[in-house]
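Only one structure is covered here, and it is reproduced in the block below.
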Amino acid sequence: MGQTKLDANSELNPNLKEVAQGKRRIFRYAFGCAILASMTSILLGYDIGVMSGAAKYIKKDLKLTDVEVEILLGILNLYSLVGSFAAGRTSDWVGRRYTIVFAASIFFVGALLMGFAMNYAFLMFGRLIAGIGVGYALMIAPVYTAEVSPASARGFLTSFPEVFINSGILLGYVSNYAFSHLSYHLSWRFMLGIGAVPSVLLGVLVLFMPESPRWLVLQGRLKDAKLVLSKTSDTLEEAELRLADIKRAAGIPESCDDDVVTVNKNSHGEGVWKELLLRPLPAVRRILLTAVGIHFFQQASGIDSVVLYSPTIFEKAGIHSDNAQLGTTVAVGFTKTMFILIATVFLDRVGRRPLLMASIGGMIVCLASLGLGLTVIGRHGDEKIDWAVALCIASVLFYVAFFSIGLGPITWVYTSEIFPLRLRAQGAAIGVAVNRVTSGVITMTFLSLEKAITIGGSFFLYGGVAVAASVFYYFCLPETRGKTLEETCKLFGLNTDEVQEEGDVQMVKANETGAKVAN
């Protein structure tokens, strides 16, 4: 009897090993796709990090006022609106992959223009071009990664854009420190111009990625979609189920097995804005408000003020040496990057909601303690209060750590998950637009705000916003862990067939209008 069991196990073990090896190969393939797509986010991260230090030298070299510095730092976020809105339509038209290449190309040009800028106007033009590239990158990276990832690892893989934002911030801080020893006339130009290098590498590597299977289905290319799904699903059965769900969401009969099918022109995104903004279904309205809310609160809780103005914060806290400020800022970037890596491990194990609530709770405490420390230091003038200085540094480090384990990555993960297929690209673009506008307002008003209500009062204000955010997250965000992209819509009461039917109605009306005009 024992021998029989041993023989049976010896026959099964090779099969189990083959299955395990197959899953590892699939995960590596999806992992590689997610890495390449998410590298676009390094462009924004680098700009945020490098501008925090370069601003000091730009101000000296070009003799700028505080208001001009505020505008210079924050305006890229508003410029990125152009890219984020254009990216939705572009990605529906030419595909997710070539949209990423386009984003890298635009940022490359913008980085060179900023590096060679000789005056404030030229520098602002360079930031306009770079901002458009950042807008494209921010919108397309999480959408592509969510669409190519299996449900079992989607949280882990879709958090990669935030990983690369943090990596970019760290690289920007390191660049600041590395070039700070040059004359202030050259230092900031090297800091900004070197940002063109990663965009070249990215533009080349992305060409080796497959196209998003969901976009391929929307174009009627079922054979190509099936091939990509077979490489990014845990099993062939899962690949078939994912394909069936995508076909259903796209309005293609599940029984259709043709390699290529004809689809209506709405597959390129026509009529989507009406369904999102003008006449949304109740469930779509709820999804949209959820996406807008999570993006707004991510930025309104002050993260970009901490990251962009960290040298200013440390100066107010009593650290006056430029090298010491930049060195401490590198520690902030390192902490932020390390904790985002921790978050990627737990997103699919713990879930979105627990991490999000823990994150915002820690941020509230850190903002309050940072406000307290800066207020105490401000009231004592030139007298150095060691415990308050230590409290400020610790508060900043813990603040970025708590942000990185939850609110940072989950904002992008969640938004990429909740929109139905037909509305996903444009819905994500709206989320990015809200994110960048809020960030722009926060960064372009920080110096003025700290003069009006003190720097400590500014962080108490951000803490109040974070409290409001915690209430919103608790009541409005259902858990999406382990759900397919098609299943997440149902958490908000949306049947994906309703979205397709609404799209068909829009198409019929458009055809009728066209026929009347022709007659």
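Glycine is no exception: its Cβ is also placed from the backbone N, Cα and C atoms.
Predicted, not measured: the structure shown is a model, and the values here were computed from it.
Taken verbatim from TrEMBL:
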| type | residues | note |
| --- | --- | --- |
| TRANSMEM | 26-49 | transmembrane segment |
| DOMAIN | 33-481 | domain 'Major facilitator superfamily (MFS) profile' |
| TRANSMEM | 69-88 | transmembrane segment |
| TRANSMEM | 100-118 | transmembrane segment |
| TRANSMEM | 124-144 | transmembrane segment |
| TRANSMEM | 156-174 | transmembrane segment |
| TRANSMEM | 186-208 | transmembrane segment |
| COILED | 222-249 | coiled coil |
| TRANSMEM | 329-347 | transmembrane segment |
| TRANSMEM | 354-375 | transmembrane segment |
| TRANSMEM | 387-415 | transmembrane segment |
| TRANSMEM | 453-475 | transmembrane segment |
Ranked first among 100-118, 186-208, 329-347, 354-375, 387-415 for CB pairs under 8 angstroms with the transmembrane segment (156-174): 329-347
Range from 100-118, 124-144, 186-208, 354-375, 453-475 with the greatest count of C-beta pairs under 8 A to the transmembrane segment (26-49): 124-144
Long-range Cβ neighbours of the transmembrane segment (124-144) (under 8 Å; 6 or more residues past either end): 33, 37-38, 40-41, 43-44, 47, 72, 75-88, 90-91, 96-97, 99-100, 102-115, 117, 158, 160-161, 164, 192, 195, 199, 212, 412-413, 415-416, 424-425, 428-429, 432, 435-436
Close approaches to the transmembrane segment (100-118) from elsewhere in its chain (Cβ under 8 angstroms; 6 or more beyond its ends): 37, 40, 43, 83, 87, 90, 94, 125-134, 136-137, 140-141, 144, 189-190, 192-196, 199-200, 202-203, 206-207, 209
Residue numbers, six or more beyond the limits of the transmembrane segment (329-347), whose CB comes under 8 Å of its CB atoms: 49, 52-53, 155-156, 159-160, 162-163, 166-167, 169-170, 172-174, 176-177, 306-307, 310-311, 314, 355, 396-397, 400-406, 408-410, 413, 481
Tertiary contacts of the transmembrane segment (453-475), as residues 6+ beyond its ends and Cβ separation under 8 Å: 293-294, 297, 300-302, 305, 313, 316, 353, 356-357, 360-361, 363-364, 367-368, 370-376, 378, 407, 446
